[in-house]
Amino acid sequence: MIEKQVSKGIISTYFAKMEKCLELDVAIVGGGPSGIAAAYYMAKAGLNVAIFDRKLSPGGGMWGGAMMFNQLVIQEEALSIIKDFDINYELYEDGLYTADSVESTSALLYKATHAGATIFNCYSVEDVVFKNNVVSGVVVNWTPVLREGLHVDPLNIMAKFVIDGTGHDSEMCQVVARKNGIKLNTATGDVIGERSLDVAEGERQVVEGTKEIYPGLYVCGMASSAVGGTPRMGPIFGGMLLSGKKVAEAIINRLK
Ligand code: 48F
């Protein structure tokens, strides 16, 4: 019966995929550009890595360009990453390039999954696993369960490292600091909150601030700006991609 085969095919392969991810090398919370770029480079290096994103369509703030004008700007320093993802680009001026935001986001998602990263959409990460004062995994639930406010317990996913790629709210940093009374690796020990816009400084500091923010927990992309108190930068995306690549390289080195 084809009807039964269709259902069984989905269920059995989905749960096989999920079981493979119950113990990860790296759990990435948030499938924005920085998290997806990180997933791609780590999967390519042979790590078992998964992204958990609460939306139906991961990609974060990359789909819409700026004010829904679906173009992006990328600076020279990040061009090699654009090339790694086979994204078409055009020179605009002064070392600045433009690309189509829909093509760019699709390319990131395609390349990351094709390289072996697993993406779980419609998953909200509501907490971390915190063992012996080390972040050791994530606690996940269906986004619709949380939206409906249903009283349903989550599942646990263990990971050698967790990356907070949740964007402007740096949700994992917030939750770790709030629930466990610990100090983060920031100037104040807390989540400082992002500063107003300064493109050049924002782009520089988002990459500089990409680091292990607490044992077991790394931060990348806008979550790095938010936790470290550095400026936002608007719709220039080189810093996000460079931040994703930097966190991938740091973790690959740790796990070598
Ligand atoms: O914000 P977002 O795009 O992350 P990013 O990689 O990139 C930022 C840029 O898009 C842009 C910018 C560039 O100049 O400023 O804003 O830092 O994507 C974050 C993703 O995380 C998901 C959310 O749905 C989005 O796709 N997310 C956030 N919190 C959670 C989450 C959570 N608790 N659980 C699961 N997914």
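Just so you know, glycine gets a Cβ as well, placed from its N, Cα and C.
On a predicted model such as this, the values are computed, not experimentally measured, just so you know.
Checking the candidates Met1, Met222 against TrEMBL: the one annotated together with Ser34, Gly61, Val125, His151, Val152, Asp153 at the NAD(+) site is Met222. Long-range Cβ contacts of Asp153 (NAD(+) binding site) within its own chain (separation 6+, distance under 8 Å): Asn141. Within the set of binding-site residues (His151, His168, Arg232), the lowest number of other Cβ atoms found within 10 Å of a Cβ is recorded at His151. The Cβ of Ser34 (NAD(+) binding site) lies under 8 Å from the Cβ of Gly165, Cys220, Gly221, Met222, Ala223, Ser224, Met240, Leu241, Ser243, Gly244, Val247, each of these being in the same chain and 6 or more residues away along the sequence. Taking a Cβ distance under 6 Å to any atom of ligand 1 as the criterion, the binding-site residues Ser34, Val125, His151, Val152, Asp153 reduce to Ser34, Val125.
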